[in-house]
2 protein chains.
Amino acid sequence: MAEQIEFDQAHQTLQEVSDALDNGRFVFVRRQLQSMEPEDIAHLLEASPRKSREVLWQLTDPEDYGEILDELSEDVKDNLVSKMAPGKLAEATEGMDTDDVAYVLRSLPNKVSREVLSQMDAADRLRVETALSYPEDTAGGIMNTDVTTIRGDVDIDVVLRYMRMKGELPEATDTLYVIDDDDRLIGNLSLTTLLTTQPDVPVIEVMSHADEAIAVDLSDTDVASLFERRNWVSAPVVDQNQHLVGRITIDDVVDIIREDAEHSMMSLAGLDDDEDTFAPVVKSARRRSIWLGVNVLAALAAASVSNMFEATLEQMAAIAVLMTIVPSMGGVAGNQTVALVIRGLALGYIGDSNRKELLMKEAAIGFLNGILWALIIGAIVVFWKHDWMLGFIISAAMLTNLFVAGVAGVTIPVILKKMNIDPALAGGMALTTITDVVGLSVFLGLATIFLL
Amino acid sequence: MAEQIEFDQAHQTLQEVSDALDNGRFVFVRRQLQSMEPEDIAHLLEASPRKSREVLWQLTDPEDYGEILDELSEDVKDNLVSKMAPGKLAEATEGMDTDDVAYVLRSLPNKVSREVLSQMDAADRLRVETALSYPEDTAGGIMNTDVTTIRGDVDIDVVLRYMRMKGELPEATDTLYVIDDDDRLIGNLSLTTLLTTQPDVPVIEVMSHADEAIAVDLSDTDVASLFERRNWVSAPVVDQNQHLVGRITIDDVVDIIREDAEHSMMSLAGLDDDEDTFAPVVKSARRRSIWLGVNVLAALAAASVSNMFEATLEQMAAIAVLMTIVPSMGGVAGNQTVALVIRGLALGYIGDSNRKELLMKEAAIGFLNGILWALIIGAIVVFWKHDWMLGFIISAAMLTNLFVAGVAGVTIPVILKKMNIDPALAGGMALTTITDVVGLSVFLGLATIFLL
């Protein structure tokens with residue numbers, strides 16, 4: 001009888017294993033690991049601090065290594081693989097998908113990866129070498145080469161007998177590929193069609209024509225986007241001569257979809273997509289300090305603006321007190337627009353045809369919210385500082401800055417994209433710099449003109 | 001022969017259709033739409049400004065409505081559905097998955113949805129009503145009820161004949177479900193096993209036992225997480241008595257995975273996950289102003305801190321000029337940690353067992369980067385303002401604030417999660433408030449003590 005899954009179980013196991021590790025109860029941990037599914041061990045490794053992770057890896061049954069490596073994120077995978085002997089690694093690759101073996105080998109020093117290759121059996125080696133010949137962020141890099149092909153001129157009955165003779169089909173097979181005499185892809189026969197068709201019908205009559213095959217050099221992001229839109233479970237990959245070279249399955253695509261979607265958030269914060277939650281301190285600190293360095297320039301730009309108005313600040317401390325409010329509101333409003341535009345660009349919703357509409361819309365939103373918050377902040381400042389002119393000045397600066405934020409929030413990511421700079425990486429920082437500089441200039445400038 | 005997909009084609013079509021709409025060439029647009037796949041029309045609608053979207057919808061063949069609605073994001077779907085007559089809507093539902101019909105009906109006024117239901121045929125209505133009886137963010141809300149079941153005691157041969165008799169299987173079927181006399185799920189027979197097994201073997205001998213079925217009340221996020229970890233293409237859903245009630249397929253889960261991953265970025269910016277890129281201005285402005293209102297409080301908190309040091313600011317304008325640098329660096333550093341922790345919490349990598357490790361790691365990174373940037377900014381300030389004490393003070397404030405940013409970056413999202421507040425929504429704002437207040441207090445406080 002089916003047992004319903006206790007979802008919190010994973011966290012409980014994590015806690016138990018972690019306690020047992022701390023107390024040196026390695027036998028218990030080893031037994032726990034033996035009773036777990038490879039994908040759950042992968043999750044446990046991801047959630048473990050570096051040191052425990054290495055101990056856990058030692059205690060894991062090497063038979064599971066391949067399947068576990070398949071599931072790990074890149075940073076964590078690299079870390080564990082870098083400590084394995086080539087012989088052990090070659091053994092582990094037996095349980096892995098071709099594309100994942102290729103990934104692991106790419107991250108190794110050339111000498112080690114050649115050694116691993118030399119210890120694999122000939123058929124596997126050929127497959128992996130084929131995968132290695134494609135760039136890793138293309139269809140060729142993520143495809144598997146274990147396709148099941150049939151001829152179009154045979155009857156369904158023959159296919160059924162062929163299947164039983166094979167005795168096993170590659171994982172996640174939902175379609176057989178129909179090829180012609182030159183190994184060119186001419187159609188797909190889904191397993192459901194195969195099962196529901198009468199035995200004496202020729203394949204060519206019921207197959208669907210392969211009008212949509214993935215080109216081997218299509219980027220992985222475009223592959224993911226196609227899978228998502230077409231609701232595919234698997235898809236054939238062809239080279240420029242329409243020869244079938246492999247197939248891509250949804251499980252590899254799901255990882256790309258998640259990584260692409262996470263990319264925006266991580267990049268906006270200046271992080272690597274596959275930053276390991278438990279990366280070593282010094283490595284993380286170095287990576288992140290680069291981003292802080294960029295922000296130092298932004299912060300110094302803002303300070304230089306204030307510096308131009310030093311005389312004004314000297315005469316009225318109230319201005320210094322209030323001067324952070326307008327940049328702050330502009331930054332928040334602009335980053336809302338940036339987030340929306342970055343998602344729109346990533347999903348392909350924004351192009352030449354609708355950019356103007358979007359700009360008008362965001363400018364209008366900036367203007368409306370500008371009026372609202374200009375009135376509110378103006379009123380607060382008049383009550384607080386008992387100075388009508390100061391209230392008027394901060395209102396004018398607020399309205400200007402929120403309008404600029406809306407316009408810049410659309411134009412910055414779009415321009416960055418045109419310049420082939422990742423808008424998710426540079427967009428938020430560039431926006432904040434602009435809203436800081438504009439907000440401070442307008443507020444301090446007006447104050448200098450009208451208050452002194 | 002397979003034709004390779006031109007990926008930029010979508011954008012080209014978008015441009016063409018949009019130009020044709022502007023010039024009133026409706027016949028051309030209608031013809032274009034007829035030649036497109038429903039999922040590409042959905043993409044076109046997502047990428048179109050509101051007004052063109054409604055015209056496009058009018059020009060689309062109503063036969064495609066169901067399939068297109070299946071693919072649209074929630075905001076856009078609501079917008080189009082709200083303008084359709086109940087009769088037309090009932091027709092459109094014929095081409096849709098049960099779970100999507102239920103979604104559409106949920107968003108309609110009760111009177112209209114009852115009218116739509118009454119115009120559907122009896123079998124469809126029963127299915128949709130079943131789906132409506134489960135909350136929409138649970139397994140029950142996203143499952144389909146079109147499952148194919150078989151008995152365990154029959155031979156493979158009987159199943160094969162049964163399949164051919166049916167003549168058609170539900171979309172994305174990769175597994176048949178084996179049930180006992182009480183309709184309880186006892187196992188799965190994958191189509192690949194069915195095809196590769198000899199005809200005289202009983203099902204029960206080759207099926208895999210259903211030890212992992214999804215409970216009907218499991219949350220959709222947990223369902224997505226299971227699919228992702230287990231690499232499932234479909235999975236059975238059971239009620240508390242282990243009765244098979246439906247199945248979930250990967251295409252619905254992919255949408256949830258993308259939405260969950262996007263949720264963090266959109267929430268950190270204070271946006272709704274399914275905010276339509278071309279939402280009406282007033283609606284968007286209202287939604288976003290709430291977030292700006294929260295930020296006003298944060299900005300006023302920072303201004304209040306500066307206000308306490310008004311006397312200091314009055315005496316030294318250089319302090320006002322430099323006072324934005326430390327909060328800015330703290331905000332950026334802290335938001336890196338927040339982004340990492342939010343992702344870790346969402347993926348289930350962070351729990352009671354490793355929280356302390358993570359806190360130590362992030363505090364250490366904050367300390368290291370604090371030292372680095374304290375030295376650099378200190379040096380810049382000494383050169384710029386020719387004041388050793390001012391340089392020392394900004395260094396001390398920088399070190400403190402980056403350390404606090406690391407600690408707060410871990411603790412804030414973790415605490416919010418414990419309080420059942422979405423860390424992605426409130427985390428960034430709370431962090432920035434803290435780094436602003438701490439950065440300003442330490443810098444202005446030290447300046448008051450040592451410079452006056």
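Keep in mind that glycine also has a Cβ here, set from the backbone N, Cα and C atoms.
What TrEMBL lists as domain 'CBS' is A:143-206, A:207-265. Residues annotated as transmembrane segment in TrEMBL: A:290-309, A:315-342, A:363-384, A:390-416, A:428-451.
Proximity of distant same-chain residues to the transmembrane segment (A:390-416), defined by a Cβ-Cβ separation under 8 Å and at least 6 residues beyond the stretch ends, is recorded for 318-319, 322, 325-327, 329-331, 333-338, 340-342, 345, 350, 355, 358-359, 362-367, 369-371, 373-375, 377-379, 381-382, 422-423, 426-427, 430-431, 434-435, 438-439, 442-443, 446-447, 450-451. Beyond the transmembrane segment (A:290-309), the same-chain residues lying 6 or more positions past its ends with a Cβ under 8 Å from any Cβ of the stretch are 270-271, 323, 327, 429, 432-433, 436-437, 440-441, 444-445, 447-448.
When pLDDT is averaged over the domain 'CBS' (A:207-265), the result is 87. Beyond its flanks by at least six residues, the transmembrane segment (A:315-342) meets 264, 268, 302, 306, 350, 358, 362, 365-366, 369, 373, 377, 381, 385, 387, 390, 394, 397-398, 401-402, 404-406, 408-410, 412-414, 423-424, 427-428, 431-432, 434-436, 438-440, 442-444, 447, 451-452 of its own chain at Cβ-Cβ distances under 8 Å.
A Cβ distance under 8 Å defines the sequence-distant neighbours of the transmembrane segment (A:428-451), meaning residues of its chain 6+ beyond its ends; these are 268, 270, 294-295, 298, 301-302, 305-306, 308-309, 311-313, 316, 319, 322-323, 326-327, 329-331, 333-335, 338, 389-390, 392-394, 396-397, 400-401, 404-405, 408-409, 412, 416.
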